[in-house]
Number of protein chains: 2
Amino acid sequence: MATGRTHRPATRSRGIPEATVARLPLYLRALTALSERSVPTVSSEELAAAAGVNSAKLRKDFSYLGSYGTRGVGYDVEYLVYQISRELGLTQDWPIVMVGIGNLGAALANYGGFASRGFRVAALIDADPSMVGRPVAGMPVQFIDDLEKIVDENGVSIGVIATPAGAAQQVCDRLVAAGVTSILNFAPTVLSVPDGVDVRKVDLSIELQILAFHEQRKAGEEPGAGAEAVLPPVVRDAGAAAAAEGRKGPDGDMPAVMPA
Amino acid sequence: MATGRTHRPATRSRGIPEATVARLPLYLRALTALSERSVPTVSSEELAAAAGVNSAKLRKDFSYLGSYGTRGVGYDVEYLVYQISRELGLTQDWPIVMVGIGNLGAALANYGGFASRGFRVAALIDADPSMVGRPVAGMPVQFIDDLEKIVDENGVSIGVIATPAGAAQQVCDRLVAAGVTSILNFAPTVLSVPDGVDVRKVDLSIELQILAFHEQRKAGEEPGAGAEAVLPPVVRDAGAAAAAEGRKGPDGDMPAVMPA
DNA sequence: CCATCTTTGTGCACGCGTTCACAAAGACAT
DNA sequence: ATGTCTTTGTGAACGCGTGCACAAAGATGG
């Protein structure tokens, strides 16, 4: 799900559901591991286990790509690796630019997973003049003024934004204007982009917050005694009127600071 | 979606849909920004725009939490900030441990978004003795042998794994055995965990691959001439029999290297 | 107190994704 | 060649999430 898009164009591609596309890299990784161990064929059951999904789901996913399996035997590992790679567009070379070489950006630049599988970091870009020229991941950081030139000369269509939140939209606009049509956003902001541009968002703190939600559920299954909750950071009020509506029965400790 | 779980228990929590939970942090961020600008109330339309979602969806999401709005006016910003924070469990203090202080781990430790909103990095842990004692983000790295002690003494229930793929499952097992019940996994591996443990996965290269898929679609809408695809990394064969089944009509360049 | 206007909360329908369950397809042995 | 056994590919049912559209609720003004 490309968070950051206001309306979902569904992008039902060429009949391949978005949910399936999101799982193809998972299958590809599992298949690559099998390939390295020279395993010739694999059943949907085995591969599904390796990828952490349901076997029926896996078969249906593959059915969107075509009939690449052999009944009674399974799937040919090498063949499937190539088919999925091709479907994902990984048989091409994808030059990417990374903007914002702070802690996170530098780590991403060094991250091996980025360079693998057809992705090639074409340039690292930052707005801080003191960063410019400094080598990060064996590559000199370039100044943001050259962004358009870099994108154009390298034929870059994928950009990674790892700037502070405040600069993200501005950087995004420049990338899009320069011709970038896919953006991976690490800044904690909602980017607005024109139609035809894909944005995917990776937000570390959101992931933690979702975990905290489930964690809280596990911890305080019983209502009434809310364990040891820290005082709410907002002003509290004694009025409990708001709780009267009571859609949620088991919710003993509603602080109720209803606005006037 | 907690990738990494084999079967989905759906975790339909207390009636709050998982999709809604995943959006609550988004709303919270937008609301916090409004709060800092001292905006007293906000309509579902405005807030939805700020969070990048549909207004009807936002209202439905909030309806799961209760009736916190005022018709004809909108939502009280401060009140809603507190309600969502409480629902997400962010009014508590969540000590977390981070295992694997390489490039990515160090960047995460320095990442401001982690420390904000109730999350507190209780310890940084690494298996490399040369890292131990070295300060990262103003905090000494501790040796992995003390993992169980650290988790226990700090009451840690959330762990972040930023190790290489090979070490991830092992680290995961130790975390779970020590009492951690929520894991945020940055290693490119499928973790298997017992029931009751939540795993969320952040995979940088997968996100890129999904972008590449859509990018490829945008670039080569026409079939037949596959632009300038690099030669397939697997052995090719002249046999074209496999394509005969032909579920997908418009797919001109099927390489067809069917196994024997 | 009544009328009007704004905005919420939600019933409903629709579409996507998941899962089940099974027929068809092929491998393999005899 | 025939039968058995394994595994795929998929039709169909189900459930969740989304978005529309509107009635109910409350604010505001006269």
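Heads up, the Cβ atoms here are built off N, Cα and C, so glycines get one too.
Taken from TrEMBL, the feature DNA-binding region applies to A:26-65. Long-range contacts of the DNA-binding region (A:26-65) within the same chain: residues 15-17, 20, 73-78, 80-81, 83-85, 87-88, 90, each at least 6 residues beyond the stretch ends and with a Cβ under 8 Å from a Cβ of the stretch.
As annotated by TrEMBL, domain 'CoA-binding' applies to A:89-190. In this model, the domain 'CoA-binding' (A:89-190) carries an average pLDDT of 95.
Spatially close to A:Leu104 (NAD(+) binding site) yet at least six residues away along the chain are A:Ala162, A:Phe186, judged by Cβ distances under 8 angstroms. Under the heading NAD(+) binding site, TrEMBL lists A:Gly100, A:Ile101, A:Gly102, A:Asn103, A:Leu104, A:Gly105.
The region 'Disordered' annotation in TrEMBL covers A:240-260.
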For this session: Check A:Gly105 (NAD(+) binding site) against DSSP and tell me helix, strand or coil, would you?
Result: helix
For this session: Report, as a single number, how many Cβ atoms besides its own are within 10 Å of the Cβ of A:Asn103 (NAD(+) binding site).
Result: 19
Exercise. Between the binding-site residues A:Gly102, A:Gly105, whose Cβ has more other Cβ atoms within 10 Å than any of the rest?
Worked result: A:Gly105
Problem set entry | Near-B candidates in A:Gly100, A:Ile101, A:Leu104, the binding-site residues, by Cβ under 8 Å | A:Leu104
Exercise. Near the Cβ of A:Ile101 (NAD(+) binding site), how many other Cβ atoms are there if near means within 10 Å?
Worked result: 26
